[in-house]
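Down below is the structure, laid out as structure tokens.
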Amino acid sequence: MEEYDYHFDNYTEAEYYDIIEPCSKARSQNIENVLQLFVYPVICFVGLIGNALVTVMYALYKRTKSMTDVCLLHVAIADILFAVALPLIIYSEQHEWSMGNWSCKLLRGIYSVNLYSGMLLLACISGGQYLSIVHARRSSAPLYSHLVCAAAWLLALLLSVPTFVFHERYQTESSYFNITDSEDVPYVCFFKFQSDVITAVPRFQLALGFILPLLITGFCYSSITVTLLQDKNFQRHKAVHVVLTVVLVFVVCHMPYNITLLYYITNMFQEQECSDFESAELAVIITRSLAYLHACLNPLLYALIRVNFRKHGKNYVSARWSSCSTSEISISMRRSTSDNGTLFIM
């Protein structure tokens, strides 16, 4: 099958109409419309309510918080920020990114910060559990834990700078897709590079902000597993299982989108057949929805696998239903806590 050069710098508009048949976006656009109308609003609602409940329960939980508790609080905050931004992303995409260039950069940057802060915070959790279990170090003070989380946020912001810089609001080429002369050429918000050399930037982001923390996490939990095989402390086993589940869900949600996006960007300056391009764009849309889904999953995981979290959640909801004061709710939660329990993992 003949390959076409979609980067038509060497052709006039009249010439490439004779060379290529425009690609159709109908299938990918229909799927994206369904996701935006029926899936993303659910993600937004559950993500906001669930993660807000996590932060409220953390604030009312009066016993000592572990480093894992502190880091998971920050993960919840990152998910809240993304859930707040998601309706704006949906609106902008449904109206061909009508909100301007600054909002394009900001909203795409928020996803990037959410991704890298989440991965870095999970690496911090794995490092803390590694020191606690393998090297028998005492748990860090909450202030130290918050400082570690602040460093993770700062690094996530630095890693997201290229996303803020290279995302642009621009018009797609009308001849690239099946758009007639009478139709307005749509605006999109996406990476825009001037050369294929700059496409190395997302690879650097993914390597430093996702792959490296994932390797660190893998090393930590491999060492922890070896130690736990010789340990009969089942409380430690449960703590590791919870965090490992959170890590696995994070990776399963975010890795497909980032690998697909990397492939898509790498091939932006390559000759492609229409079918290949359409398949790549469809893969980006589907895997992106999986990545967005993660924003609402952690509270559901805590509710499903942690008895303490379910117990405190029920106490909080029932207390609010009966119009108790904040101090009464706090006392209720403190009384219901087991001696050795923490909020998220024990």
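Heads up, the Cβ atoms here are built off N, Cα and C, so glycines get one too.
Source: prediction; values computed, not measured.
Per TrEMBL, the feature domain 'G-protein coupled receptors family 1 profile' maps to 50-302. Looking just at the domain 'G-protein coupled receptors family 1 profile' (50-302), the mean pLDDT is 85.
Feature annotation from TrEMBL assigns transmembrane segment to 38-60 (among others).
As annotated by TrEMBL, transmembrane segment applies to 72-90 (among others). Within its own chain, the transmembrane segment (72-90) has Cβ neighbours under 8 Å at 36, 40-41, 43-44, 47-48, 51-52, 54-55, 58, 65, 99, 103, 106-107, 110-111, 113-114, 117-118, 121-122, 125, 149, 152-153, 246, 292, 294-296, 298-299, 344, counting only residues six or more beyond its boundaries.
Annotated transmembrane segment per TrEMBL: 110-131 (among others), in sequence order.
The transmembrane segment annotation in TrEMBL covers 143-166 (among others).
If you look up TrEMBL, you'll see 206-229 (among others) marked as transmembrane segment.
The feature transmembrane segment is assigned by TrEMBL to 241-265 (among others).
If you look up TrEMBL, you'll see 285-305 (among others) marked as transmembrane segment. Within its own chain, the transmembrane segment (285-305) is flanked in space by residues 28, 31-32, 35, 39-40, 42-44, 46-47, 50-51, 53-54, 72, 75-76, 79, 82-83, 86, 111, 114-115, 118, 241-242, 245-246, 249-250, 252-254, 256-258, 260-261, 313, 344, which lie at least six positions past its ends and keep a Cβ under 8 Å from the stretch.
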Taking a Cβ cut-off under 8 Å, which residues six or more beyond the ends of the transmembrane segment (241-265) line up next to it in the same chain? 68, 72, 75, 115, 118-119, 122, 125-126, 129, 191, 193, 199, 202-203, 206, 210, 214, 217, 221, 280-281, 283-284, 287-288, 290-291, 293-294, 297-298, 301-302, 305-306, 344-345
Taking a Cβ cut-off under 8 Å, which residues six or more beyond the ends of the transmembrane segment (143-166) line up next to it in the same chain? 65-67, 70-71, 74, 105-106, 108-109, 111-113, 115-117, 120-121, 123-124, 128, 191-193, 198, 201-202, 204-205, 208-209
